[in-house]
Amino acid sequence: MLPTLYTCLLWLSTSGLWTVQAKGSDTDMSTRNPHRDLAPNNVDFAFTLYKHLVASAPGKNVFISPVSISTALAMLSLGARGYTREQLLQGLGFNLTEMSEGEIHRAFRHLHHLLRESNTTLDMTMGNALFLDHSLELLESFSADTKHYYELEALTTDFQDWAGASRQINEYIKNKTQGNIVDLFSESDSSATLILVNYIFFKGMWAHSFDLESTREENFHVNEATTVQVPMMFQSNTIKYLNDSVLPCQLVQLDYTGNETVFFVLPVKGKMDSVITALSRDTIQRWSKSLTMSQVDLYIPKISISGAYDLGGIMGDMGIADLLSNRTHFSGITQEALPKVSKVVHKAALQVDEKGLEADAPTRVSLSAAPGPLTLRFNRPFIIMIFDDFTWSSLFLGKVVNPT
């Protein structure tokens, strides 16, 4: 039987996204905060993975949590040996001559601590669990290292009884995500002997809420042939806005309460691919510096999307070619030999609605001599990106083709 790796089982709910904005010197912050050493690699990995997934799913919604995938693969490397371990870490963008394996895992540990503990105004749960067949026994070194660096919870189950095992795993995920991910596993998977789960539950509140009474049904143009009705949210406020002179798009940056911020990016009609191709650390930094406070009448649809991806083929394209092959070497996980990983599955979901910390409608300021607010209506496919601006982490990336 082959071990199955299910990574990054997520639920993101309500209203806010996150930005990569440096505060002070990169060198000084990196020296004092090991999580900052991860930021460049994690962001580069995030956009590379995102572009691969978008290219593999033309005309479809895409939504992922890159930091969760990075976490799962880094954690898996603790059980890998030889070239398999080297390939995993290099595939995540790490140069082992510049950053040791110990430094990588210590930085992930620090990052997860900050993401969990620094956002006291948000409802966020992060964690890692490993379900293994009762016939297997974890190596003491793997158990100790994964618990120390990733707070991994190891649980045994009977994979010969898949119905019972799936109920156990589903109940665990349901409880950890406050009931928002249910019935995750349903189909029989008799090949599984080990399932690794990395989960995130996040529920945020907009720093400035949308006006609930102003939400109206409007057209959303999925493509030339398809138009759907969506509940379109509205707020009129002074917000960060940019009409990009380099890329064919407009964007706004909205904040959650806490450290999280969201980019909503609206490409010019027919130019989505051009904008996605250009997404990078440099692009985000340029946008962050170029955004200006502007009076905007903003229309964004309520969103309810989810994504499920088998990342095996994508990992191969990104330089982790041996992950699903017979050449893999995961002898550092259990006493018994595990021949290879059979699946790398990522699941995520997103809901965005009007709710914010402020119950009243945002204040609209207008002067008789000043020009009126500009109108920005997200009524065609757009990009959504969520960052944590304290850790510089790319938490969620999405392409919304159909918000329903």
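Note that Cβ sites are derived from N, Cα and C of the backbone, with glycine treated the same way.
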Residue carrying N-linked glycosylation site as stated in Swiss-Prot, selected out of N95, N243:
N95
Mind giving me a neighbour count for C249 (site 'Conserved cysteine within steroid binding domain')? Other Cβ atoms within 10 Å of its Cβ, every protein chain shown.
20
Of N175, N326 (the glycosylation sites), the residue whose Cβ has the fewest other Cβ atoms within 10 Å:
N326
Compute all pairwise C-alpha distances among Q253, Q285, W392, the residues listed as binding cortisol, and give the largest one in whole angstrom.
15
Return one of helix, strand or coil for W392 (cortisol binding site), based on DSSP.
coil
Give me the CA-CA distance between W392 (cortisol binding site) and N259 (N-linked glycosylation site), in Å, as a whole number.
10
In the structure shown, which of the recorded positions N95, Q253, N259, Q285 has the fewest other Cβ atoms within 10 Å?
N95
According to DSSP, which of helix, strand or coil covers C249 (site 'Conserved cysteine within steroid binding domain')?
strand
